[in-house]
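What Swiss-Prot annotates here:
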- GLY78, THR81: Na(+) binding site (BINDING)
- 4-24: transmembrane segment (TRANSMEM)
- 39-59: transmembrane segment (TRANSMEM)
- 68-88: transmembrane segment (TRANSMEM)
- 102-122: transmembrane segment (TRANSMEM)
Amino acid sequence: MIELDYLTIAFGGAIGAVLRYLVSRTINSLLPFSYIPLGTIIVNSVGSFFLSFLMFAAIEKVPLSKEAILFFGTGLLGAFTTFSTFTYETLSLIEESPARGVAYALVNLLFAFTCAYFGMILGRGKV
């Protein structure tokens, strides 16, 4: 039922968005001296790990229902991670300091891909 799918995604997304706000705000307030927005790096890295873990585990180890994938993958983790904030922050940093902006983009991508890789390994049960 399509309407139930939308509600499942919306409920997960609402939780993910609030979690992203809380985690990002907490990280950035604990480390106000940072030259880059660490909150976004943290949420994108953690979200990449858990989404990769979830999907690879669901495919290869423990089949998940469509509803669980919609809730956790599309909804919660989709809203928890934030590509739009990453691109906005990157452009803002590039305007201030091109080197800092590029470094931020590279660190964000490196951490997210590394976390996704470890999520894949653990999701497949290869550890």
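We number each residue from 1, going along the chain as drawn.
Heads up, the Cβ atoms here are built off N, Cα and C, so glycines get one too.
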Site with most surrounding Cβ atoms, counting all protein chains shown within 10 Å, from the binding-site residues GLY78, THR81: THR81
Ranked first among 4-24, 39-59, 102-122 for CB pairs under 8 angstroms with the transmembrane segment (68-88): 4-24
Positions whose Cβ lies under 8 angstroms from the transmembrane segment (4-24), at least six residues beyond its ends: 37, 39-40, 42-43, 46, 66-67, 70-72, 74-82
Within-chain partners of the transmembrane segment (102-122) [C-beta distance under 8 Å, separation at least 6 from its ends]: 36-37, 40-41, 44-46, 48-54, 56-57, 86, 89-90, 93-94
Local backbone state of THR81 (Na(+) binding site), from DSSP in three classes: coil
